[in-house]
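Novice: As annotated in TrEMBL:
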- 33-54: transmembrane segment (TRANSMEM)
- 66-85: transmembrane segment (TRANSMEM)
- 97-116: transmembrane segment (TRANSMEM)
- 122-141: transmembrane segment (TRANSMEM)
- 162-181: transmembrane segment (TRANSMEM)
- 187-207: transmembrane segment (TRANSMEM)
- 214-231: transmembrane segment (TRANSMEM)
- 251-270: transmembrane segment (TRANSMEM)
Amino acid sequence: MDSIRTQIKAACEQAEHLIDQVKRPLKPHLPAVSRFLVVVTFFEDSFRIIFQWSDQKSYLEETRSFPSFIATLFLVANVVAMLGFSSTLIAKKHVSVAIAGLSVVMVSQALVYGLVFDLLFFLRNMSITGGLLLCLSESLLRQRKKSVFGSLPQLSEIERHMYFQLAGRVLLVLLFIGFVIHGQWSLTWAIVSLVGLAACVMVIVGFRAKWSATLLVSLLSVMNVLVNNWWSIQHSSPHRDFRKYDFFQTLSIVGGLMLLISIGPGNLSYDEKKE
């Protein structure tokens, strides 16, 4: 038993070493790319509203029974909020305000489009919220490092950074659980699901978090291309937009996992406690 445990530990350490080698040239750009991917679903959603304005407005008026003025106001507010807050988040400006604004957008869309009780939609949005919380944690961590050269950081700032990072880790993996629930069961799917769920647990507890997050990035990227291949569907098909929406939402969660790889699991994790 001890020899098996030693072999597993050695394999994990080799994997982490390989990840560090691959990540080294990308490290300076990884946070910026991660933040962009976290909000890419909001960019896609805003452009979809703009290019399908009449369809979006008609749906709110005819299916959801909204007055024309309210429907127009809602769509305009969504486009402005998603483009504005996403851009400021990428630029690392007013991060907390941007995250609060994007969170309001997600809640308002769930209510207006009647998706409150859609389990997969809920899990995806929770995962995106996890990515947003990691962006907030990264911002607080950056402010904390700057304060070392000035005054000491307040305890509340340190605690917020730790708990946002923990909450981000927990919420991020919910999308994979949604994939498992809604997937078409087969032997291959069962194996992938078990491996992915094990990696999810490792991310949540912060055990070999960077390694397990890298594994989830790989699994989700492959599954996203295979399952949400919107480019293979005809333009006239309504399923194209649904697949495209799911594709970019999954990209946002991949961005959150990449950010976790960049900043680490934080103090409330097994990896940190072990050190």
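Note that Cβ sites are derived from N, Cα and C of the backbone, with glycine treated the same way.
Curation plays no part in TrEMBL annotations; they are all automatic predictions.
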Novice: With the transmembrane segment (162-181) as the reference, which stretch in 66-85, 97-116, 122-141, 187-207, 251-270 has the largest tally of C-beta pairs below 8 Å?
Specialist: 122-141
Novice: At an 8 Å Cβ cut-off, counting only pairs 6 or more apart in sequence, do the transmembrane segment (122-141) and the transmembrane segment (214-231) clear the bar of 3 or more pairs?
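Specialist: No, these stretches are not in contact.
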Novice: Under 8 Å between C-beta atoms and at least six residues away from its ends: which parts of the chain pack against the transmembrane segment (97-116)?
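Specialist: Contacts of the transmembrane segment (97-116) (Cβ under 8 Å, skipping residues fewer than 6 from its ends): 39, 42, 60, 64, 66, 74, 78, 81-82, 84-86, 88-89, 122, 125, 128-129, 132-133, 135-136.
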